[in-house]
């Protein structure tokens, strides 16, 4: 036959046995009555052995019990209550609890039990019926070279005893073979604890093995082990302690009628040896029992045709179908007996040369037609039911629905339901999404034997779930609230195990736009839903603004400068950008970036209604200031005034550390000014200085030209606290005489003049920047040059002009 490939998931993920694909743990079901073994359904018989009187012992793993079948065919329970757990040491074994026992061995009147999921080895006295733990406690590895009672195991399975009463244990998940001597000391005889394959022809204790699950010892004391996940049978020679492979290599099926060393196996488990030294192998994943001849070393199949099902009772063993046989043993009469584990029965071969096969324990008639389990083709999470139906219309009792978990090697009774009209149903609404193997078992009544269904593959598909976000509209700059929404299609049973989160790709001050809302679903129950989200958005719209206009005066003389300050702010947060337009009635005076300051001397005599219009931007709505009502009084005839005009280039470039000069002309208009004209420059680059030649223009305005020189430093400029003070003194000096001359006009005039000087000082003070930067950024600066004088009437005359300065940074 062709070679079979064992999937990687089967080779590595299942911790010990292929038959764990049908593994289950059942709570208390029933202890077998004293009846014919072929009238009783077994649940995962996984280990079998005989005593010298011909009594057959069965580890019924799924029912958590050990039963005995007498030579008369009567079955009784001798250990375990049928309830999964641990209890009962030093008491009657029938009152003790076991957990998935998977190994048995008899030594005289002692039955050793591998209480696998309790990680213990227990001893049952067949005379007194008392059970005790002789080794193991919690899962782990410890105790070698000490008392076995203090040792730890990890899922022990197969057991065997040699002629010297040494007990050998397959410590499966510790990847070792261990021995407990008759004196109670424990040692490792094979495996170094590393999961893998190595060490052939070397010391067995230095070899690596992988999940061993079968043991046998021959008359010479040589130990045979199923190196299960390495798909090999290995032998440890007693005299030398060396380990060798005697059968198997990569997983598959091949080699019958040839040397065993060239054959391939698939997850071999139980081993046994007959009186002639022939070795029998439960070739589990090949669904066969194979034999290695002690004389020739040839391997043959003695039972099973490789088909994973049940067939062939009372026919040739080699044409029968087995399902994941887990154990094999030779009876005192020389009959090969096997645990047909996933067929829930123990079967036996007749004598050679062409043996037939028949069932000796477990239901001898296949129960598939007596109890059927059905399900809808598709079950959506939160819906559906399974229906178990008995063929007999008069049966009473109940049906146990049991979930089999092949990955974690656990089983769970889902529900027990009474029969109604020979049927019982199980509601699958609580089953999470996934694929399950579910078994229905009938407990029987006085006139109907217990039976069970075939495992049924049930697939639960995700339930549609739609998230409906709540759309919201926000003004630009408003705080972003927590986004909310609702779910359509979730089940109440999942309220505590589902969390919906709604998010959008927005942040504080994200621009006005539409931002889609996305939804995510988390929580333990999220995997049970096919999650989608309906469209919704966070819409950010432009925010309202407030524009204000502040004039420097509400009444001026014609020709006197008036300054308007416009500012636009948000009613939420953020800073508006864009421009404002100053308007005199319907006439546009100036459009400038905000915030804007507009100074003019051109308003004609009469009333003026000045407003400022903010044009808005992407994030802010346009707004208009309240009107400022300005009255312009006609100027006296021939009133003195002046103008400022650049006479050279109005844009120049200066490197950091250099200087540049601008030329200006000052023209007197009207009568002669009796006050000096002070000069100031604002808008300078950081740390730049400005000087005028001459520093100011005296009364009479001779000369009528001046030069502005701007310098930038290359290195850090130190602050000077005397600069503004000295400048203030300089500015006030020419005004002292004026103040004296105008004393007769009262103190208020003097204060006004001093205030004007302070205003001028604020302009002049900007000539020396006291910031901390050491180099100029790359930037174009608009320098405002302002001339200020006082008219004969005491009003301030002020005119300004601008030039542009481009500063190049230092490389």
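Cβ atoms here come from the backbone N, Cα and C positions, even for glycine.
Automatic, uncurated: that is what TrEMBL annotation is.
Here is what TrEMBL records for this protein:
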DOMAIN    35-124  domain 'Teneurin NHL'
DOMAIN    374-461  domain 'Bacterial Ig-like'
DOMAIN    552-632  domain 'Bacterial Ig-like'
REPEAT    152-183  repeat 'NHL'
REPEAT    252-295  repeat 'NHL'
Query - Remote residues contacting the repeat 'NHL' (152-183) - C-beta distance under 8 A, at least 6 residues beyond either end - result: 15-17, 47, 102-107, 112-114, 116-117, 119-121, 134-144, 189-195, 204, 208-217, 219, 221, 223, 225-226, 228, 236, 269-271
Query raised in the report: For the domain 'Teneurin NHL' (35-124), what's the model's average pLDDT?
Result: 95
Query - Helix, strand and coil totals (DSSP H, G, I; E, B; other) for the domain 'Bacterial Ig-like' (552-632) - result: 0 helix, 47 strand, 34 coil
Report task. Summarise the repeat 'NHL' (152-183) by DSSP state, stating how many residues are helix, strand and coil. Result -> 3 helix, 18 strand, 11 coil
